[in-house]
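Participant: Below you'll find the structure I mean.
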């Protein structure tokens, strides 16, 4: 029978055999992934003694080898081949240098990472679910920092060099309304010149039109790809096949949040876990309870009613916003009350605050079988509300404001977006400081049964997505908007953090943070960002720029700046390749190739997840088969035992045999566990790339 | 609480630790500092050991319901050397690979150390998690049976490593929850 040590040595020999053909970098990675002590790993990496069997008194040195010798042998064999391709060596050194720089860059980024300590404290007290909101906020902040830096370098600084003097008055109200003094600053589209900036006789010229459109395009393209890759990464890591396995209680038992380090938080978590486990168990018991036909009918009709009411409220709000905006436009043409422009943002923010509360009251009427469905339905309703509001505002801007014949309609849109964003920010701050504070007072002093409120992650993340959508739409009309969003996100982080520490308790239900974050990033990409792209596409291709202001004044469409640039390039012989790319690859329907590419990439990633689903199913079958094999072998062993009992009637021999075979059975079982690990380590010894 | 001899870690050792663990350079140095503060005076850090009680009372582990199991799994012969502490921090770090985390989670949850998570282990896990005295026997048995019916695929009333691995691979939250920050800096 194999002893434990012997099996261990065989495992190590197999591991070493698999490590020999690897490059040294892969070797270190494979050794690092081994669940062994530091000393064993060190021995493996240096290539010294593998194991010393202590109980034999003398050291058994196994396979003393040196990786250097191995590598030398390998390189000798491949040296002749490599002599012919010296570019392979070049590639190797380039890739090594790239890897080293990537490592040092990531170390530097980690050390200057923003808010590292604060996030650790939040994670320790409230767990990973609340932490995911703050991580999302930090991630959005990176987008805005990047957009601001690009905008600042390429369009704002050049504009400063040819800035005209600002003759307007500055009063305090302008900080809120964005009109007046700010109209003639770099803040808005209307201030930018359409000329080619040229200083002195140096000859270097800077075409502001092209700079403007290319800078905005570069910002949005980078955001697009960054979002796409983040989304694909989240899909790949977190995609679960929900309908085959439930796995609910197993997850609760084995996924204890080890990051929580506060004693009170741990006690609270234990209490909440207990409640949740009991709820889950009762849910499972009730799954089999069938409802009568009448009950099903009533339930169905309440669902339909609730959806009709919520959709109706959404449509009513959108209509209200549209007519208010139109009326506001008319009103402002005749009267000149500077504060009146704040009415529309105020109403929109009130709707965003009040209607979700109204929706959450539906749960008093609707009854869902699983409380999880309730959360999802509420989320969908809120998303529909926000999307509709942004959509109707975009329609109003592109249809009414742009075609109204106003003097500088792009600046007007920019001002509208600025006011919306600012009002939304003010409302969020007020909600953090006043609203949550009041809720805590009510929960602690007045109606003590409510207790401290819980941080509503979904609502807060939707707020962030809404604000970011507005920023992306507004970046064309108000290039300084990323700066404002940066400042607002910064302040919001601290406000939410303080409010969290003062007013909230850790969440009671396990929140499935990674699934929800995948969903939110998908939301950020799909309706939000693609909606922004559509809006901007309509602006650039279909709308007429205003005649007196901005970098595109006088052109029939915004896109004509690119057409005329291509035309001038086609006269110069050195740049014909650019014209070729434009005419043949981008073509006359520019959207089509990009959408095609997105579809292809999505399809590829979908295939990856499908492949993993198949893998999971195969492994499942393999485990079941192994179980059957085990049962079969045990039964056979028992049969053999019985046959031997009948063949040898002597009791002493019988006893000894029984004891031996029982030992064999036990060792067999232990062997099976060791064998499984042996097999697994062999599989891991040849790591998948 | 004494101070070990203040030896600077050799550069080669630091490089080797960085290669063999998932920790960054700063994290290794922070753990080195913490270790030096706790170990007995007058000893070289590579030879000094910490008791399981000392490691259990680190702020990261003090309130963890499984701290005794964590200390059992990562210590050797009942004590922690510096490299044991590094190995523990590496497994619990953010960058550790999932297979390593699952392997050690299995060892931690296997209370009776028979290579399987059986009913007895499950009951002890549940009692640790809930830490309440008003847990009835039926509820405990019910819960254990549900967990086994969900995850036990070969119906031998215990979870082998493969079944555990399969169950954890289905829940991405496991990777995010099985993390501990050991360094105070």
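Keep in mind that glycine also has a Cβ here, set from the backbone N, Cα and C atoms.
Here's the feature list from TrEMBL:
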type     : residues  : note
DOMAIN   : A:408-514 : domain 'TMC'
TRANSMEM : A:139-160 : transmembrane segment
TRANSMEM : A:210-229 : transmembrane segment
TRANSMEM : A:300-325 : transmembrane segment
TRANSMEM : A:340-362 : transmembrane segment
TRANSMEM : A:374-398 : transmembrane segment
TRANSMEM : A:469-495 : transmembrane segment
TRANSMEM : A:515-538 : transmembrane segment
TRANSMEM : A:586-606 : transmembrane segment
Participant: What does DSSP give as the helix, strand and coil breakdown of the domain 'TMC' (A:408-514)?
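Facilitator: Helix/strand/coil tally for the domain 'TMC' (A:408-514): 81 helix, 2 strand, 24 coil.
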Participant: Apart from its near flanks, which chain residues at least 6 from the ends of the transmembrane segment (A:374-398) lie with a Cβ under 8 angstroms of it?
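Facilitator: Tertiary neighbours of the transmembrane segment (A:374-398) are 310-311, 314-315, 317-318, 321-322, 325-326, 348, 351-352, 355-356, 359-360, 362-363, 366, 368, 413, 416, 420, 458-459, 462, 465-466, 469-470, 473, 523, 527, 531, 535, 538-539, 543.
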Participant: Could you give the residue numbers and ranges of same-chain residues that sit at least 6 residues beyond the transmembrane segment (A:469-495) on either side and whose C-beta is under 8 angstroms from one of its C-beta atoms?
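Facilitator: Residues 115, 134, 137-138, 140-141, 144-145, 147-148, 151-152, 155-156, 186-189, 215-216, 219-220, 223, 390, 394, 410-411, 413-415, 417-418, 420-422, 424-425, 428-429, 432-433, 528-529, 531-532, 535-536, 539 contact the transmembrane segment (A:469-495) from elsewhere in the chain.
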Participant: Could you give the residue numbers and ranges of same-chain residues that sit at least 6 residues beyond the transmembrane segment (A:515-538) on either side and whose C-beta is under 8 angstroms from one of its C-beta atoms?
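Facilitator: Non-local partners: 132, 136, 220, 223-224, 227-228, 230-231, 234-235, 238-240, 383, 387, 390-391, 394, 398, 457-458, 461, 465, 468-469, 472-473, 476, 591.
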Participant: Which whole-number mean pLDDT does the model give the domain 'TMC' (A:408-514)?
Facilitator: 87
Participant: Report, as numbers and ranges, every residue of the chain located at least six residues beyond the transmembrane segment (A:139-160) whose Cβ falls under 8 Å of a Cβ in that stretch; write 'none' if there are none.
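Facilitator: Cβ under 8 Å, 6 or more out: 114, 186, 191-193, 197, 206, 208, 211-212, 214-216, 218-219, 222-223, 226, 230, 464, 468, 471, 475, 479-480, 482-483, 485-486, 489-490, 493.
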